[in-house]
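Trainee: From TrEMBL, here are the annotated features:
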type	residues	note
TRANSMEM	20-36	transmembrane segment
TRANSMEM	48-64	transmembrane segment
TRANSMEM	76-96	transmembrane segment
TRANSMEM	117-140	transmembrane segment
TRANSMEM	160-179	transmembrane segment
TRANSMEM	191-211	transmembrane segment
TRANSMEM	241-260	transmembrane segment
Amino acid sequence: MSGEYVKGSLYFYAPNKGAPIFFAVAFAASGLYHAYQCIHYNSWRTTGLYVFCSALFATGFIIREVSAYHYTDLGYYIASLCLIFAAPPLLELSNYNILGRLLYYVPHHSPIHPGRVITTFTMISAVVESLNGAGASLTANLSLPEHKQAAGRSLLKASLVIQIVVLLLFASLAGTFHLRCRRAGVTHPNVTGVLRTLYASGVILMARTIFRTVEYFGVADFHLREGVGVEDLSPMLRYEWYFYVFEAALMLVNNVLINVRHPRQYLPKSVKTYLAEDGVTEVTGEGYVDERPFLVTVLDPFGLGKRSSSRKANGKGEVEAVV
């Protein structure tokens, strides 16, 4: 914790041996509860990724515990970081899924085809991952000329910035939907409950992504030269607590948040049960109807074309409940 370089350590410091055990157990417990909730609520399609991500986190911290005793071993180091860093983007994907499910519940005010929320953001994320992969391959290959390695670092920077932009776009989409509901007088507690959960989760994921971006920019722009040593690296790399606060703790809080405020506590099981236009009465019917071809809905999820006349629930159905 002194901030001084530990000779041979791939982490810069000697990793803490107790923290990985705590986080491995905590993520495993949260993941098991997520699995129970998926079974109880039959919500595998909505929150099943939380079970998978919890397993990634738990396994990653188990390996980090081993790596704490072998901090010069490259295999343990890479395996741990890859598992821990692979989960957050999938948690973002799960949030997109939850928002899509909410839009099915209030189809009259949805700014986008509810089923295309996940596909639209997945396609954008695929572009980000492509930039990330290309940048990582160029940066990792030390045999390449410096200008190609620099190009790789630029691609990685671009992918991190775009990730922040994507999170902002997601927040804008949720905010637009929320504003439409408020203007129409839709203040149903089920709607506001899910939105508050998504806003909280979005802030957590944004904080984590900003931390990662700042951290990488500090590494990418660092060059060893006369008078400059590894001790001059950013404090984010020299002190382990940054990782545990802005990565491990934030992601655990996000996991527990969805445990406590599970979307199925607010939303019905079927997408064909939705709020009528009065914003109060739950009805069961066709739900969200879009008569356009599937490919058109993928390419034009916001229905900007002229053929989107049926981009909402038909308003017919049997009354389920009046709240």
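The first residue you see is number 1, and the count goes up from there.
Glycine too: its Cβ is placed from the backbone N, Cα and C atoms.
Caution: TrEMBL annotation is automatic and unverified by curators.
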Trainee: As a test: from 48-64, 76-96, 191-211, 241-260, pick the stretch that has the greatest number of Cβ pairs under 8 Å with the transmembrane segment (160-179).
Mentor: 191-211
Trainee: Same chain only, please: residues at least 6 beyond the ends of the transmembrane segment (241-260) with a C-beta under 8 Å from a C-beta of the stretch. Say none if there are none.
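Mentor: For the transmembrane segment (241-260), the sequence-distant neighbours (Cβ-Cβ under 8 Å, at least 6 residues beyond its ends) are 1, 16, 19, 23, 26-27, 30-31, 33-34, 37, 47, 50, 53-54, 57, 61, 84, 87-88, 91, 94, 197, 200-201, 204-205, 207-208, 211-212, 215, 235.
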